[in-house]
Amino acid sequence: MQNFNNVIDFLKGEVLDREEEWKKERLEYQTAIMELKGQLEEQRNLNKQLIDRLDKLEQFKVSLKPIADNLKLQTKKKFHHRVKSDNGTFFKNEMNEQKLITQPNIEKILQKDKKPLLQNFLKELKNEDFQEDQVQNQIQIHSPINLQLLQSAKINQILINQNTYNTCSQRQKHHHQRSNSNGASELLNFALQRKKQTLETSQNELNSMSMTEREIIVGKEIFSTKGQLRSHLDGVRSILFQNNYIVTSSEDCTIKLWNLNDVQQMNAQTHLEPIQTIRQHDRPIFTMTSYFKSPQIHLYSAGVDGTIRTYIVSTNQYFSWRAHTDVIWSLKHHPHDQRLLSSSADGSVKMWKSLGVCYQHDLIRKGNLNLEMLQNPLANFTFKKSMTGLSIPTAIEWICKGFNENIICGYSDTLTFIVYDVTTVKAIQQIRFDIDNQFNSFAQPNRILFNNELKYIVSGHDDHKIRFLDLNSSKVCKTLIGHTDAVTDLCLFSKNVYQLASVSHDGSMRTWDIRKFQCLHEIPAHKQKYDEGIYTIASNNQFVATGGADGIVKIFNYQDVI
């Protein structure tokens, strides 16, 4: 009997232990379930917010359509103005070609006109009082002051000063109750709101405009603004001039192709749309390169996801392969051969067999492509600074002199450029540079340029400097200082390789004569966004294009007169 009681006690103890374990497990599972529910709810709220934003944008777009249509109809109508004079009132027909300028064109008009013209126009507006005799048939306004407000609002769509706005606001408030048409009241309110927005824009532009941004003449060169390409939703990281296209890539995960012929015909008021948008990336794009051999154009892009994606323009075909385990900072295609370089934050620089014309013929004939030739790198270049790990390459460039082919790499955490032999995959040369104590170690190279006609290799750095490297002496032979922030990109002009263009996060573009190591001129190009200005610059025989953190691509006419 005693043994039976002991067995029962033992079983009870086991049951209690199991219950305690089960309670702990149940608590852990409940906690995990609550966390998952919280994450799910957070995702649902985020999706709901995004859907609401999309709905609001669509509603806003639909609401703007009647206004745009109405404004287009108004431009086709002929108006009569009642102009006051000292002797009385008389009527004057308005020119048939007069057009109503809408709000989105105000900024472009301000950029086009010059400061003296704006001041004279504002002075003339103070002495004239325009009134309108007839408006649309469906709106009847019996107050001449309200008619005057309508016409004044249209004129001030272009330019208006503060005194005129305050006077019109008081008249609108005083005579609002005398209007016997609800449509007229709504139209007046809309006109005054547009006047206020236009006033703020025009006054700010006029006060800050020391010279016209459309044309800046410094020294012996002329840079004039051709136009702007506005389609990207985030910073523009790379620009390429390739055949009849301008290709741009952005942090908004898209690549856009623009027709160069359309760009040649554009002006400051033209709004161009890309002829094609490539959406193969799902993460921001940081770099892009290309290779052209008639009739094929191959685009290569990479960014945050560590994947290299190639796109064939003529056939609209895409390929991709996993190249690195971290962010890819730079891509460089060989100027003549079918090879591609990539540098990544994982500490490696890899050389790949690119998608050449010969592979494209196989692709057209067989309908597929063996990507193993692309996915296996030909070489892997790494530089180990210390026992802590690999240095991170931020800038790479091909060095092709005759039959000798090397590559040069710049690293973020070392003050040294490394030259590698592509055949032996070994470092054959080191070029060290010094920095000021003021900037500590923030001197990583962002861009390296090489040209066979030059004696030097040019590099742009985070410490605001442009350095010229001599491969023969393995030294830095010259340093240029001009920018007030990090130098982000460099470009040699096609017309004259002895002219160097540099862009920076300070928002400016500078042109240098590298024979005399002198700055020829500086032009403000982009506004800063989150302390970042211009990311990239590219040029061809006619244009210079810059891309900034503001998501705008600016096109400049370039004339070499040196």
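Just so you know, glycine gets a Cβ as well, placed from its N, Cα and C.
Taken from TrEMBL as is:
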{"type": "COILED", "residues": "26-60", "note": "coiled coil"}
{"type": "REPEAT", "residues": "229-268", "note": "repeat 'WD'"}
{"type": "REPEAT", "residues": "321-353", "note": "repeat 'WD'"}
{"type": "REPEAT", "residues": "480-522", "note": "repeat 'WD'"}
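Within the chain, the repeat 'WD' (321-353) has long-range Cβ neighbours (under 8 A, six or more residues past its boundaries) at 286-291, 300-304, 306-308, 371, 373-375, 377-383, 389-398, 400, 407, 409, 420, 422. Secondary structure of the repeat 'WD' (480-522) per DSSP, as helix, strand and coil residue counts: 0 helix, 25 strand, 18 coil. Each residue of the repeat 'WD' (229-268) gets a DSSP state, and the totals for helix, strand and coil are 6 helix, 20 strand, 14 coil. In terms of DSSP helix, strand and coil, the repeat 'WD' (321-353) has 0 helix, 20 strand, 13 coil. Each residue in the repeat 'WD' (480-522) has a pLDDT score, and their mean in this model is 87.
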